[in-house]
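Worksheet: one structure, shown below.
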Amino acid sequence: MSSVRIECVAKEGCRLGESPVWDEKEGALLYVDITGRKVCRWSPVTRQAQAVPVDAPVSSVALRKSGDYVITLGTRFAALKWKEELVTTITQVDQDKANTRFNDGKVDPAGRYFAGTMAEEIRPAVLERRQGSLYTLFPDLSVVKHFDQVDISNGLDWSLDHRTFFYIDSLSYSVDAFDYDLQTGKIGNRRSIYKLEKEESIPDGMCIDSEGKLWVACYDGGRVIRLDPETGKRLQTVKLPVDKTTSCCFGGKDYSEMYVTSASDGMDKEWLSRQPQAGGVFKITGLGVKGVPPYLFAG
């Protein structure tokens, strides 16, 4: 695959970049800087990123059918009005746990916002175990908790036929699948479909392509890997010039470009001097496969 090309497009390094999602209406890439506490939007036209600062760690951003965005902020689901830089709380979870925060989140094909929590990290990937849970924010703004005992709730997506939900709890080093009921949003029958190999390190954010294959960003592994959820086989590895790759999505006019976020938190001066693009957002072209447009939160 010599045609694969990797370019750092948003060079203003994030501390902990995450949750890339393509905003077709704006023709721009949304993403968050969790510990930098900002929601960012990078335009391929201006080649600049704008940012809206927020008052807590912001771990995911999603498009909203009624316009603007929804985010996970601390332990809150919240609405973000971009132009006004206005954040309003929708609802809060994990109120009994002082040191948890949301992590990755994504909207399902029926317009529900799935997002999970984790304990606040002592150092990157070092934290109190099994403090997290997986939640869904429904379009009527009610919240359902699916399960708890999660270490680091992370990447999530749905199969093209909407009958399978894919999910990553990072410290299990596994990509899991659940049966999925699109009518109710219920999940069940959890099973592992891929265990990461040592050099792949920690599974982080994830997305699906138009052929139904999964792409997983490997934190501390400096790569994204393409998996076949049917066979459990790894099909492709794309290595990046930074170790802390955090998440991925498809975007661009025809969803043929992949965008990968990364982090710089936890890296010392020497490490950063070897990887000056750490925390940047990368664009990968020439993969020969397209993605699917993101779903919009219906609430």
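Cβ atoms here come from the backbone N, Cα and C positions, even for glycine.
Because TrEMBL annotations are produced automatically, they should be read as predictions rather than curated entries.
Copied over from TrEMBL:
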{"type": "ACT_SITE", "residues": "Asp204", "note": "active site, proton donor/acceptor"}
{"type": "BINDING", "residues": "Glu18, Asn154, Asp204", "note": "divalent metal cation binding site"}
{"type": "BINDING", "residues": "Arg101, Asn103, Glu121", "note": "substrate binding site"}
{"type": "DOMAIN", "residues": "16-264", "note": "domain 'SMP-30/Gluconolactonase/LRE-like region'"}
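Distribution of TrEMBL features across the structure.
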residue: Glu18; record: divalent metal cation binding site; Cβ contacts under 8 Å, 6 or more apart: Tyr31, Val32, Asp33, Ile34, Ser59, Ser60, Asn103, Asp104, Gly205, Thr246, Ser247, Thr261, Ala263
residue: Arg101; record: substrate binding site; Cβ contacts under 8 Å, 6 or more apart: Ala56, Pro57, Ser59, Gly74, Thr75, Thr117, Met118, Glu120
residue: Glu121; record: substrate binding site; Cβ contacts under 8 Å, 6 or more apart: Leu127
residue: Asn154; record: divalent metal cation binding site; Cβ contacts under 8 Å, 6 or more apart: Asn103, Asp104, Gly116, Ile168, Asp169, Ser170, Pro203, Asp204, Gly205, Met206
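For Asn103 (substrate binding site), the Cβ neighbour count at a 10 Å cut-off comes to 25, with all displayed protein chains included. Across the residues annotated as binding substrate (Arg101, Asn103, Glu121), the widest Cα-Cα separation comes to 11 Å.
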